[in-house]
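Engineer: Just passing along the structure, written as structure tokens.
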Amino acid sequence: MATLIAPDHPSAVEDAEALRKACKGWGTDEKAIISVLGHRNAAQRKQIRLAYEELYQEDLIKRLESELSGDFEKAVYRWVLDPADRDAVLANVAIKKISPDHHVIIEISCTRSPEELLALRRAYQARYKHSLEEDVAAHTKGDIRKLLVALVSAFRYDGEEINTRRANSEANILHDAIKDEAFNHEEVIRILSTRSKMQLMATFNCYRDDQGTTITKKLLGESGDEFLVALRTAVRCLNDPKKYFEKVLRNSIKGIGTDEDALTRVIVTRAEKDLKEIKDLYHKRNSMPLEQAVAKDTSGDYEAFLLTLLGKED
């Protein structure tokens, strides 16, 4: 369930006018920007962008980029983009880092539906003039490259039907590969990158029933083993994305310092999907509401914007 609180039929023209007013003059009215954009869904935000351009012959996103700054600007920018375009930006930023964020690529490719992943690949190509697969391959190597290219190229069956015999057989294949420490076996990559999520859940359940432990616990090897970490992230994202996202949020705000990139990424990408359930899971596991944890670790307009997306009433 979503945490976003949006009205049913807002006027895109009135919203565009309110945003123009918030950006005019000497200072920017950040509260007005949050009160409009923090309460509009993806379709409504798209209509606002179109209305703004038609009224003022100006790109709303570029205007907001020039008016805002810091973590608040980054969060608003990512929120205002179409979801597929946002995923394309997130993927590109992750790939182009000196040390690529493999977990972000895995997260995006394993938690989106087949149609969403296809839309991302189209948006990526339109924006960067080359394919996501091409960029992933160019910025990775070895076994990581094989796994990531397979995951971003996937178009899985998205239905409920499962094959129990296949689940048993592939649970055995995974068990043998893990037992032999052949984590990079082509069969492991094939299973994780081609099977439907429902089929994989059945396979992971068979593994647990047969081995008396979960596959993620069996993949807890040396933290320095990059490929093993990537494999475990893929399994967690495919098997229980809400649990995965709760852990990303927890890690982003625990200890000294805040990982604003991770915090922003999860909130803006899940606010229209399942952030309510992720919030509930966070509260249950950490004995503290997520809103309270976010308020403690952030400040100013950035804090206000994230709390709005988390469903906090004005």
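Please read every residue number as a count from 1 along the shown chain.
Backbone N, Cα and C atoms are what each Cβ position is placed from, and that goes for glycine too.
Remember, TrEMBL labels are computer predictions, not curated facts.
Pasting the relevant annotations from TrEMBL:
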| type | residues | note |
| --- | --- | --- |
| BINDING | GLY25, GLY27, GLU67 | Ca(2+) 1 binding site |
| BINDING | ILE253, GLY257, ASP297 | Ca(2+) 2 binding site |
| BINDING | ALA295, THR298, GLU303 | Ca(2+) 3 binding site |
Engineer: Taking the centroid of the Cβ atoms of GLY25, GLY27, GLU67 as the Ca(2+) 1 site, which other residues of that chain lie with their Cβ within 8 Å of it, listed in sequence order?
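Structural biologist: Along the chain, the qualifying residues are ALA22, CYS23, LYS24, TRP26, THR28, ASP29.
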Engineer: Restricting the comparison to the binding-site residues GLY25, ILE253, GLY257, which residue's C-alpha is spatially nearest the C-alpha of ALA295 (Ca(2+) 3 binding site)?
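Structural biologist: Spatially nearest to ALA295 (Ca(2+) 3 binding site) by Cα position is ILE253.
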Engineer: Identify, in sequence order, the residues in the chain of GLY27 (Ca(2+) 1 binding site) that are 6 or more apart from it along the sequence and have a CB within less than 8 Å of its CB; answer 'none' if there are none.
Structural biologist: none
Engineer: Have a look at the binding-site residues (ILE253, ALA295) and report the one with the fewest Cβ neighbours inside 10 Å.
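Structural biologist: Minimum Cβ neighbour count within 10 Å, taken over the binding-site residues ILE253, ALA295, occurs at ALA295.
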Engineer: Taking Cα atoms as reference points, which of the binding-site residues GLY25, GLU67, GLU303 is nearest to ASP297 (Ca(2+) 2 binding site)?
Structural biologist: GLU303
Engineer: For ILE253 (Ca(2+) 2 binding site) and THR298 (Ca(2+) 3 binding site), what Cα-Cα distance in Å is obtained after rounding to a whole number?
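Structural biologist: Per the Cα atoms, ILE253 (Ca(2+) 2 binding site) and THR298 (Ca(2+) 3 binding site) stand 9 Å apart.
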Engineer: Cα distance, GLU67 (Ca(2+) 1 binding site) to THR298 (Ca(2+) 3 binding site), nearest Å?
Structural biologist: 20
